[in-house]
Amino acid sequence: MQVYLVGGAVRDYLLGHPYQEKDYVVVGATPEHMLAQGFQPVGKDFPVFLHPETKEEYALARTERKSGQGYHGFQFFTDTTVSLEDDLIRRDLTINAIAMDQDGKIYDPYGGQNDLENKILRHVSEAFAEDPLRVLRVARFAARYFPYGFQIAPETLQLMQTMADSGELDALTPERVWKETSRALMENHADIYFQTLRDCGALKHLFPEIDALFGVPQRPEYHPEVDCGIHTLMSLQQACKSNYSLDVRFAVLVHDLGKALTPAEELPRHIMHEERGIKPVTQLCERLRVPTQTKQLALSVCKEHLKCHQIMSLKPGTLWRLLQRLDVLRRPERVEAFVQACECDAKGRLGLEDRPYPQAQYMREAMQIVRSIKVQDLPENIKGAEIGEMLIQYRIEALAEFKNQHQSLSHS
């Protein structure tokens, strides 16, 4: 039997990029051969084995044939007669269809090295269209390799468009869409993922709430970029630039969904867009089965981001209630994530990417103030329900003093 390193590890090796995961293809072996050598079977749909020592994945060379809709609509065939070329042709992109043997020799039957050199993302064969998940994968690769100048081949983008128009994307399970999207959100240029999906017509099928933002105007004095969709992607790029968490990036992505629901006669103003956004954010999260923690932050940012922008003018009681809703006493990290998302919104505007956002520090200091006030700070004779009431009173008074000090400093 012959063993070949394949896929992303070979691609990144040839690009000179670091890689961690290694996947191998085994040609000329049977499941019995693998078991006899101590490999552990793990594949449900086709023979995949874990190496007895390294625990790296070894898959028997296979071919596949479309047998139904969606990601699981395939029949696989594996046999000792299946060649390396047979296995590689079923892969998505030419740059992922390169193999390397144990001596370091490269096998590239479909021109992947040439496409790497020319910075092109190109599908290997028309079988690409049989797996709708590949539309999302190519969009994710476009995001990952955007800084290096990679572009999608026109014929591949056209094929993605055809797939989007065919309705095949509807067969994707929510779990698969979220898994691919959450990975894409953690790329350094996650905005390119969504722009690519829009370019091929997939965004309106998978994320209609986000697609609806494009073409919706905003007031140019606040948003020089004008377009709501462009602002959303610029804000997301700010979150990527700061290397923020998945929760923050997703919250930034959906913070303005309510603007797509603004009545035409009110444009370019977006009065009450925070409240209008609650329903589409909730629908999107439920449809994709977004994790609860991610959904909670997204809803908080959607509902409250304008309050963060206006934080220095908030009354102490209003600020306390905002901090309470963010669970400041039990989850200070959630307040920090909220602030990060709001700052991305403020900076995701044409020409304003580097402007200061003093509201962030103000919010952080306010958080520390309310968290520093403990039961031990109250008079000893306070009992029962009065304890909670007085704690709130003390915290609001402390926020009032903080606001006065801040105003005095800013006017001095």
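Glycine too: its Cβ is placed from the backbone N, Cα and C atoms.
When secondary structure is read from DSSP and collapsed to three states, Arg11 (ATP binding site) falls in the helix class. Residues or ranges marked as ATP binding site by Swiss-Prot on the basis of sequence analysis: Gly8, Arg11, Arg91, Arg137, Arg140.
The CTP binding site annotation in Swiss-Prot covers Gly8, Arg11, Arg91, Arg137, Arg140 and is backed by sequence analysis. Within its own chain, Gly8 (ATP binding site) has Tyr19, Glu21, Asp23, Asn96 as residues 6 or more apart in sequence whose C-beta sits under 8 angstroms from its own.
Per Swiss-Prot, the feature Mg(2+) binding site maps to Glu21, Asp23. Neighbour count (other Cβ atoms within 10 Å of the Cβ, all protein chains): 10 for Glu21 (Mg(2+) binding site).
Here the domain 'HD' (228-329) has a mean pLDDT of 97 out of 100. The domain 'HD' annotation in Swiss-Prot covers 228-329.
Residue density at Arg140 (ATP binding site): 22 other Cβ atoms are found within 10 A of its Cβ, drawing on all protein chains shown.
Annotation for the binding-site residues Arg11, Arg91, Arg137: lowest Cβ count within 10 Å of the residue's own Cβ, Arg137.
According to DSSP, Asp23 (Mg(2+) binding site) is assigned to a strand segment. Within 8 A of the CB centroid of the CTP site residues Gly8, Arg11, Arg91, Arg137, Arg140, the other residues of that chain are Gly7, Asp92, Leu93, Ile95, Asn96, Phe141.
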